[in-house]
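Positions annotated as domain 'ABC transporter' by Swiss-Prot: 2-227. The feature ATP binding site is assigned by Swiss-Prot to 36, 37, 38, 39, 40, 41, 42, 43.
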């Protein structure tokens with residue numbers, strides 16, 4: 001599903017590689033935590049999967065896509081199979097909950113009848129059926145993140161990338177969001193989540209991939225946040 005094969009990413013502005021000879025394989029349907037301190041390479045790792053960056057050397061593959069060889073019109077095709085959730089929600093403030101989710105399908109050319117069928121289904125999945133006509137500023141932070149997750153999941157992506165999705169949320173709301181991501185994962189979607197939240201990582205005991213200074217320092221099944229925890 002996801003393979004990084006001897007991947008190095010060197011930025012001209014830095015003496016140290018952002019990623020240094022990374023070898024990782026993530027299978028279909030896995031739930032993986034990507035951890036490490038700020039500057040460890042987590043964001044670069046995710047940007048490579050989206051073809052937002054190209055590796056200096058090595059190969060990046062997502063499903064059938066040889067990511068670092070994609071050009072032009074093929075990049076949007078890759079991004080149709082990857083959903084993204086961010087810490088800051090990134091909702092369209094002038095659009096309703098329904099329209100925020102529908103927009104993700106409109107931009108890839110889905111027919112109106114398909115949109116009208118699928119959007120209510122995904123709003124039901126994330127527990128927002130009763131708030132389809134609300135604007136983002138009428139929602140709590142947890143509800144806004146549910147909209148962001150619905151938007152990322154509405155096209156039934158093969159992979160869901162979640163970059164600190166609970167970073168702005170209180171512990172109880174964070175747990176609700178993690179329950180939702182687990183439910184999505186059980187549908188067969190591969191979930192890769194970058195986080196600094198050791199409580200979430202320690203409680204869920206999923207696979208943990210840890211980066212430090214651009215190097216892969218740990219890849220552990222049923223891992224916890226720290227080696228000594």
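All positions are counted from 1 along the displayed chain.
Cβ atoms here come from the backbone N, Cα and C positions, even for glycine.
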Residue, out of the binding-site residues 36, 37, 39, whose Cβ gathers the largest set of other Cβ atoms within 10 Å: 36
ATP site shell beyond 36, 37, 38, 39, 40, 41, 42, 43, criterion: Cβ within 8 Å of Cβ centroid: 211, 212
Among 40, 43 [binding-site residues], residue with fewest other Cβ within 10 Å: 43
Secondary-structure category, per DSSP, in which residue 39 (ATP binding site) falls: coil
Neighbour tally for residue 38 (ATP binding site), based on other Cβ positions within 10 Å of its Cβ: 7
